[in-house]
Amino acid sequence: MRILRKYDVFKARSSPMSFRPGMGVRNIPSQRQFLSMKPDVETVTDSIEDPNNQEGLEKLKSTRGKKLKPSKSPIVVLNPREAGLFRKRKVSGHFRSHGRVREKLSALDGVYLERNKTGAGFSSSDLLKEIESQRRKLLVFKSPVAREQVIKSIHDLQPPDDKKMMSQKRYEQLFGILKSAYTLPQLKDFARCFFNTPANSTIPKKLLIPRILNDFWGCTVSERISENDDLIVERVIDVETRDMYLLLLTNNGKIMQNFARLGATVAVALNENKIIVRGSGSLVKYVEVSIRKILANVQREILPMNDIISNHTPRNESLKISVSKILELIQKECAVFFERLLEDDSNSYLATAFGARRVEKARKLILRALDYSPQKSNYTKLVTAENRKEYKLYPFADYQCLDWLNKNENWFRLQKPVFKGAELEKTFPGPSLLNEDIIKETYDHLFDKIDSKILLAEKPESRILSATLGQLLKTEDGEHTIFQPRVPQIIPKLKRLALWDEYEIESGEIGSDYHEYYVQLRFIPNLSSCPNLDYVPPIELWFDLDESDRAVGTSLRCILHTEDRNVHLQTPDLMYDWQLNVDSSQEIVEPYENNPETWLKDQPGLKEFLLNADLTFGAQRKPFVPNSLSLDLKFCQEGKQRLVNFDYVDIKYRRVLKLKYMDKYLVQLSDVRGESEGAKYTQVDIVGTGVQEIDKFENFIRDVIEIH
């Protein structure tokens, strides 16, 4: 499980360091209820029911018109939200891209552009003839076009007021369009609709068109106007496959859309790498010059793919995904075009994009696609009811919670079929699925000792056991499996649990927020800096976020993940599956509070990283994370200090709420958000402490499977 020290190690801390202002995120006390006095006005007459009551009449004479104190003050209890004193803290602006309205996808989004296969002797005129023939085919409709649509299309041909004086060529061009594109009945309908002038039933087409142009639209021919200014011309621009790709797919074709807004008609011939532009002569010239200037300013960078892969893949391990597949997915994700520098060189690729940021993003996505996790082991156990044998794969639909790499696959979950009209089970089947053999098998996979893992010398190792609710997903061919920690149907029930820290309720403040906010940075090692080791575990940097969404530098936890064991209990009889995880780790640096004066003195590379980084995640500015981090580490396998370089991979935002289950287990609700290409979901973890013995482990697993 990725959530490590935040369970019980993250503490409140201040930030006196000069490189990171602000205060650490403390354990904020719980909410208090607020008492609001409701005004109550009562007159004496309200208490007099009988007009013959002498005592009441005397009282009325002595206190008439005076306001009396209420005999008993009513109390109205309001929580902070009802009183308007509590405002929910928003997600950091940098991680709110998922909630924005995305741009409409280009019609060419995801199109694979092959290399130019133009045959000899194929001219531009042949290309235009082919386009015209395809246009005529597209104009043959299976059902008749609506009358209103035809009339509107004719009306759209009307020149604007400043263009009604035109050249002879432009006049003839409009005449030809009306003659070839529309029938006589359609032109008559247009005249009746817009100009309320019924056309003569016997008027021929060659006389009706001049009447539309001259009388209805007011078009006049002037010899002073050059045909170059108003004549609709067409120009063919030859481009490379790389250029065609960048123009069409960068920002979902926004470049071409901008040209269309100017009034130009832009068409592309993908197989011929040609762009056809139609418009006035000046507009066509502007579009052509703009395209040339845009393509002249692209950024190019040579990426040594074999070196990148070998330096970020454990030795003696094969690549989990092919290079071509990686590059194809990255091209679609960030609009960077990859091509081999030399046909016979499989190592060097030329990455081309509009802007250096896109190339840098592509480099990070390559590292993420490699999925460096040598410390991780997965084991899946199918747990089913004894009397049921029929299960089916059902498609998984919520792709928003998947990482960009997994969104390109079709995922399925194994579930029991529920037929229409079938009676629902009256008892929850969870506890009955487990037996002693399954529990013993799970325990052995989680706690068996392994002596071959990489450990830091002179650093204690800690273990944390947790159970995570989610769904075990597989591809249809069964080759790939992922565990997705997403169970939205159970979140409302868990939020009814008591808070983990009860003292927060007793010392609560007005408008208290019980969530803790963290930012998690992941790094993987560059193995070229440690040639004697088969692999080096990845590291994570954890920071508290203050109220301004800035990372508190002195809250840093630098964690080396030495081992990550997962056992997936596949339970198709339930609405979710389970992941049992034992996460072993070592802290590279001690907390700031232990020794503020010498903190990070033995890790100058980490100190330099913090000085150069800008970890502010508000909406007004983008954070800056250096691409690399150097740490002085001493591994047990080597016995000497070594400088190891780590490369930055990605970042996640976590909003954590700690709850108590059965008065002894910590339940952690974590709202997890990645960057624009990352995932978004709410994760549920139940943490077990002191359950290394098999008896306590059995109690733990039986308790957590009761959650439903």
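From the backbone N, Cα and C atoms, a Cβ is placed for every residue, glycine too.
Keep in mind that what you see is a predicted model, and the values were worked out from it rather than measured.
Here is what TrEMBL says about this protein:
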COMPBIAS  44-55  compositional bias 'Polar residues'
REGION    44-72  region 'Disordered'
DOMAIN    144-221  domain 'SLS1 N-terminal'
DOMAIN    231-298  domain 'SLS1 first KH'
DOMAIN    400-706  domain 'SLS1 C-terminal'
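Secondary structure counts, DSSP: the domain 'SLS1 N-terminal' (144-221) has 50 helix, 4 strand, 24 coil. Mean per-residue pLDDT, taken over the domain 'SLS1 C-terminal' (400-706), amounts to 88. Counted with DSSP, the domain 'SLS1 first KH' (231-298) comes out as 39 helix, 19 strand, 10 coil.
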